[in-house]
Amino acid sequence: MNFFQAIFLGLVQALTEYLPVSSSAHVRIVGDLMLGGDPGAAFTAIIQIGTELAVLLYFRRDIWNILKSWCLCLAGKEGKDRASRFGAHNKDARLGWYIIIATIPILIAGVLFQHAIETTLRNLWITVAMLFIFGVILWIVDDRARQVKTLDDMNTKDAIWFGIGQMLALIPGVSRSGGTITFGRAMGYKREAAVRAAFLMAIPAVFGAGILEAVKAIKDVNADAMFPGWGATIAATVVAFVVGYIVIIGFLKFVSTYSYKAFAIYRIALAIIVAILLLCGVLSPLEGIPVSGNA
């Protein structure tokens with residue numbers, strides 16, 4: 001992968017990260033078409049840090065209020081009893097706890113199935129299946145779901161379900177925002193609330209994965225044949241940050257007016273196109289993916 005290819009993949013990452021269309025699937029597919037192989041889990045995870053930095057910037061006030069309230073409650077400033085420490089009387093502190101709870105499923109699955117995530121699950125046929133299946137599910141759920149809940153209505157059970165939706169996004173093609181949004185809509189959350197939950201809950205998971213992959217790359221920079229080098233990777237991450245911030249603004253305006261049907265249709269259409277390309281031999285389902293036996 002050269003410098004300009006890395007930049008282009010950073011652009012693809014930014015344009016698709018926040019939409020329920022799976023950025024990892026797009027980076028994987030575009031990488032295969034452009035490079036003849038998978039760009040790699042390390043590069044993908046690191047450039048996702050750029051898009052999450054855009055989330056930090058856009059939601060900086062919300063994040064600050066959540067962190068401040070969570071710390072104050074934990075320190076007993078809102079009351080010494082257990083309920084107060086866990087945010088019983090402070091909605092921002094409660095949301096902080098729910099974000100932590102929602103992060104646990106993806107953390108556990110990421111550790112237990114790391115090798116499969118980096119190898120077997122990056123098979124393009126799996127990506128095609130997930131694009132199609134979750135496209136259909138998103139369409140049905142968004143069309144039939146009620147719009148009654150906001151983030152103030154969240155409880156522990158909802159946070160766990162949000163976390164499960166986010167955990168499924170470890171499989172390319174599901175989409176981190178798509179999984180979280182779909183589960184949120186199924187629980188009756190308004191579209192805007194489901195999107196905000198998806199953005200906020202992704203921060204710990206994405207930063208954690210990106211930092212871990214960066215550490216691994218530093219330890220053995222030659223382990224990934226597709227890794228373009230740190231200069232190109234950092235440049236791609238910056239592109240993902242700048243373009244990603246613009247996409248956040250546009251996406252939030254879109255969901256305040258329209259449904260997710262357009263994204264569901266896009267997912268289904270993309271799945272069909274990629275399946276045809278695979279059947280015709282234009283794309284290879286396993287090209288560039290490390291052999292799963294090399295644990």
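Glycine too: its Cβ is placed from the backbone N, Cα and C atoms.
Model, not experiment: these values are computed from the prediction.
As given in Swiss-Prot:
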type     : residues : note
TRANSMEM : 39-59    : transmembrane segment
TRANSMEM : 97-117   : transmembrane segment
TRANSMEM : 121-141  : transmembrane segment
TRANSMEM : 198-218  : transmembrane segment
TRANSMEM : 232-252  : transmembrane segment
TRANSMEM : 263-283  : transmembrane segment
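Under 8 Å from some Cβ of the transmembrane segment (97-117) lie the Cβ atoms of residues 41, 66, 70, 86-87, 154, 156, 158-160, 162-164, 166-167, 169-171, 197, 200-201, 203-205, 208-209, 292, 295, all in the same chain and six or more residues away from its ends. Most Cβ pairs within less than 8 Å of the transmembrane segment (198-218), among stretches 39-59, 121-141, 263-283, belong to 39-59.
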